[in-house]
Structures are given as structure tokens and as C-alpha cells.
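Asks: One structure coming up, written as C-alpha cells, with questions to follow.
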Amino acid sequence: MKTYSLLQTLLLAASAAVNVEAIDSPAAKSPKIDRKTSGSTIETEDDNMDTLLQMEGVVNVWQAHKLSMPKVERSENGPSSSIRNYSIHHWTGVDKLHAAGIRGKGSTVAIIDTGIDYTHKALGGCFGPGCKVKGGYDLVGASWETHNERKHPKQPDNDPMDYQGHGTHVAGIIAAENEWLTGVAPDAELLIYKVFSDDPWETDEETIMQALCDAYNAGADIITSSIGQPNGWSDNPWAMLASRLVDKGVVVIASAGNEGEFGPFYSSSGAVGRGVLAVAAANVTTRPNANRTGEDLGPIPVYFTTWGPTNELLLKPDIAAPGFMIMSTVLNQSYEELSGTSMSAPYIAGIAALFIGKYGGRAFHGVGFAKLLRDRIASSGTSLPFVNNRLIRRHKASPFQVGTGLVDAWKVLNYDTQLEYEPFALMDTELFKPRWSFNVTNTGGKAHEYTFKLEPQAGFNIYDSEYGVALLYAIEPKNIVPPVRLPHRVLIEPGETRELSVTFGLPDVDDDYLPLYSGKVLINSDHGEKLAIPYGGAAYDTEKAFDDMFIVEPFITDPDKDSSWSFNIDKDPNDFIEIGGRISYACKNLRLDIFEQGWSESLWTYPPRVGRHGYIGSATTMRDAEEFWFFDPTVNDPNDTVPFPLKREPRGFHVFWWFGKLANGTRIAPGNYTMRFAALRPYGNPNISDHWDIMHSPMDSSFQVLPYNGTHNSTLKYKAPKYQTPSLGKAPFRARQ
């Protein structure tokens, strides 16, 4: 029996040969994303990622995630129509550039956000050609709802007016100007792409990706977005598209995120693209760090700034910028101090605009320009002290928290030295990458002699028996210094480029508590130029460290303790399956599969195909179930579901509600079945059963589906949960068989 459902949106990467229109679904869409991406967006009731990946020509498929408005901290004073004379630019060197007449004229910055209140006098007071906000588009309309698109669909229009204030604040940081306040690049021109509805405040990855393409096609030199959610995989579709735009010469900037309290390995979706500048937040005021440290001295990292590295152990974020109590424009001709990496990302966009205003952008320099400017900005950072829930000045903040440190715009625009590099991601002990090369170019008119030095920064253990990875408050900095062979002193003549290399060894440290180590390689010239390249790695084997993906055995609700469900949500209590548990490490593939009764793990094949080896199909779960304490039919729509498998799930606590619908849109028939709930281990091979951490459920994975109005009289026997309490001592490693 077919059930009605809300459409699921999937993002699809395909070869030119695939016919997207032929996908068997009631709502397949033609490609909406720029042709260079070979991407499509489809809406379907009948397919999940498994079935689409089996189509000829399909390269990859991703679930299109929904996103909420970025969280920012507001000042106690609230908005005001007048402000004191305000500037933080002396901390970053922007003040000296303004004094030299460098103001970003000739650059175009595209903002992806809630819109802009372009009537604000400090932002030019108008919209369109000849105005500071010279163009843009509203991609969604006022009342679009991501969870109810049938009732409240997108209604795009040409007026990207902001009714929230977030995008207006971002715009002011870049380009505002009046007698009290000057943005980083007050003469830059702005494009605005509105991707949030006015109520509720939500968007999705599909819309953001379309905005990226629109900004590129409109000729933007720089694209900045202060949006994201935990998804530290550099191969997520948003990150991959952003990286492709960098390859085309566009400087792409993203906020690192405001989830710092969750500790390392929590990078944000838009910030993890290769070549994308991920921006952390620093406090450069003389006020306490949100009363967390009790100190009055800046600059220091802000406690909320999200930590890397990515789940692949790539270094993120790249750089830090002012992001604490930043004064800027808001609605109604007012101004307000807000805090967040939402504020630090546009600050970096402004610095990029200053550079382009003076030296030109991709139209002048070609497609390699964006990577070169990324390297100039990211290598300019000044080291900051370590902050968790307190300030520890004897240790320097890790690149996993702040990149190379606080940006120095004077260096970006005036140094002769140009570095070309990838951050030194040393990986873990099994995938250790010791040797790295980088280029040093002397663009000036005089010779520079360079010396090289290692600056170790805070190392720390991340093992936590309760959370898998330690939360911020539990991180204690320590000295972990890897052996290293640095280049010898080198003289580089004007116009000359030299390729140099550095070789690391593994640090001598106990791996039981999962240590991370990091720092910078300092590059200093005899003319006073000081730049840095970050390094970082894991002094443990990730695959073994997170062999147990479920910290404790996941729970499954079974009120009648008879392993049977009717999936009748009209009953009191509601009768459906709830599964919950804490995942210790980000999961590339999380599955809830249903098989015929008697199926055993020895029959596992990947990907499973309906009708083969007893496979019935993948289950579904209500979208964002973990946000609710219980199912409420007046609030929750049981048809707003997403199908398993779920890909690239962040670590942490997850809850899934299954109401009996399968991934192909049908309702599971009454009968006896076998359930397999499993998480693929890091670097695991999905074809191998042992590479999955599998739930050992109270009913030994056997369960019964009753008729919709059936009673609980199953003959299946209930067994006590097999919960295991993890050790509080040594990390509970289990070697791979």
C-alpha cells in the first residue's frame, strides 16, 4: 500500500550521460545548478541514495539538508539609532590601509544571507545599479517553509529586502560608512542573495548552492556566507561547489560556526571546502570574553568559535577575525553589537575586497588568483592564546580552533612574500603524511633571506568516555612537539620562486587518550616579513580509536516488551519505533535496514538490493526527530520523513522515529522481520560486515509488524538490553579483525 509523503530533496552528481528527467519519481527536476558542476536537484518519493547510486551515470547522491538561522549573541543594550565613534580596525591593520586611501573601490562582494536593508543610510540608501548594494535576488520569498513546501512553496522575486537583520549586519561589517562607523571596505559594491524566508527563518543546501552559482555568474569577486551546520566532510556538495568556484578564481569565505562548546571535529558544512577560507572568531575588545574567562585583555579566541579539524583530519578553520561584540548596521536605521563567526567571515571578505580594489581580481589575474589570495590571507595570522572555558596564556591556541591566528590586513596587501601551500594536514598514525612542499615567491624589488622555525601550539587529548570526543570545557592544553626537518636558510631574489619542503615525524606520546597536536611553521625574512603555515595531526589510529561508533548500545522503545509494533500513531501511547544513541565520531554511512525474518549478518552485501538476500528495504525517520522530546501529532508531521541511509552524520546524540514507511514510499506489511541498525566505522569498507558497528537490540534484531489496528500478542521473546558501560580508564580500543 502506497503512503502519501512529503517529497525528499536529493542532490545528485552525474555524468553528462544520465537522464535526470527519466528518474522514476513524481517530481524529478532538470538541473538547476551551474552546468560546470554536473549537478542536479531531484525531489522523489520513490528513491533513496542507494537506488539512485545504482543508476548508470550517477556519480554521487547527497541528502539536501535544512538549515536554520545562524545563532548570534546580542549585546545587552540592543539596537540603537546612534552609536559612539567605533573602530576595531587598529587590531588588524585595516586602519592603516584606510589611511593610505585603500577602501575596496572596484571590488564586488556577494553576500548569501537573509537579505539587506538597502534603505539603511550607512549602506547607501538604495538598491540597483549605481548603488552600494548594486544587485541581487530573493531566491525564496517571504513565507517559504522548508518542511512544508507544498503549502508554502518558494516564491522568488527581485527584491532581497532583509526583515531579520542578520544580512544587514553582515553587509555593514563589509561596507558601511557614516560619521561613526566605517566598514572594512566602504567603497566595495555588494550583491545580496536572500536564501532565508522571513518566517520561519530557515533555508536548505540546494538554495545556498543556487545562490553560489548566481553570484558567480553575476561576476562576484568574493562570495561570503555566514551559514552552516555541523558537517565536517569536505566532500559534501556545498563544500565541493564552493571549492570549484575557488578554482574558477572566486574568493569564497565561510563562517567557521558557533558550536565551539562541542569541542574538536565539529566543522561546519560550508566552511570545509578545499580552498575556502573558513573564519574563526576573535575577541579584540578590552571587555571580558562573554564573561567566560574573566580577563580584560584581547585579542583572544572567542569560546564559541567552532573547532576543526574536518572528519578527514584536514585543517580548518584557516584564519581568525574580529567576531565579538561587533558594531554594525541592523534594521530601522539602527546599529547593534552582535557576536559570532557570522561577523568574522564578512570581516575577511572586506580584507579581500581591499586587496582586489588595489590589485584587481579574477578578471585581471585569472583563475589561479583566488588560491593565491587565500594563501596571503591565511598565512598572515598572529598567534592567539589558548581559550577553552578559561584563558591559558602559557599555551597558544591551536590551528584547529583559530587557524594561523588573527588576520593582519597590512601583511596581506603589502608583503613582498607570496606563499603557495596547502595546510600541513599530517593525518593520523596510519595515514601519516610526513613530507610537505610549498612555494615561496619574492614579488618585491629586493632580495629576501628567509629562515624557518617551528612554533608548537596547544596539543590536547580528546578521548571522552561519555561523548566520544571531549567537549571544550574538558580540553586541557599540553605540549606535544613532533620532530621536524625544516628548510635551511635561503636567499630568494626579486621575482624568483623557490620550492621548499618540510618533513615531520610522529610525536612520542601515549595514544591511549587520543592526542591531537598542532602548530605553525614560521617563515621570516630579513626585511621583517613574518608569515606562517599551520600543521596538525592525530597521534592515534582513527580506525581503531573509534571502532565502537556507538558509545553505549543504542536504545529502542518497546513499551509492551514484546518486540511488536503496529505503527498506529493514533493510539495512546503512539505505537512506533524510536531508536536513539550517541555516535562517538562523525559517521559516513548510518543505516536502518529491514530484512526477512531469519536473515543473518553472513548474508550482508553492499549496497543491499530489494528482493535479494531477503532485503525488504531501508526504513525512514521523521526529519529532525532529536529536536523533540516526544511525538505530538499537532506539531509533528509523520509524513515529513527522510530515508535511510543517512550519510555524513555528525557525532553526538541522535534520535530516529520510524512510523512504518519504507524508503520507496510504501508501508511495511504485517509480518515478522529482522532489523539492522548500523554505523560504518571510520575508513571502513561498507562491503565488509565487520566494518560496521551494529546495534545489538533487546529483541536480537527480530521484530513483528502488526496490522494497523492489531494488538500486542507477538510470540517473540523480549531479552534484557545488552548495554555496556565504557571504561573510564584506557580508551576502549578493539583491533580490526
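From the backbone N, Cα and C atoms, a Cβ is placed for every residue, glycine too.
Not my notes, these are from TrEMBL:
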SIGNAL    1-22  signal peptide
DOMAIN    104-359  domain 'Peptidase S8/S53'
ACT_SITE  Asp113  active site, charge relay system
ACT_SITE  His166  active site, charge relay system
ACT_SITE  Ser342  active site, charge relay system
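Give me the lay of the land around each of these features.
Replies: Around Asp113 (active site, charge relay system), the same-chain residues six or more apart in sequence whose CB sits under 8 Å from its CB are Asp162, His166, Gly167, Val170, Ala171, Ile192, Tyr193, Lys194, Val195, Phe196, Ser225, Ser226, Ile227, listed in sequence order. According to DSSP, Asp113 (active site, charge relay system) sits within a strand segment.
His166 (active site, charge relay system) counts 22 other C-beta atoms within 10 Å of its own C-beta, drawing on all protein chains shown.
Counting every protein chain shown, the Cβ of Ser342 (active site, charge relay system) has 30 other Cβ atoms within 10 Å. Annotation note: Ser342 (active site, charge relay system) sits in a helical segment as assigned by DSSP.
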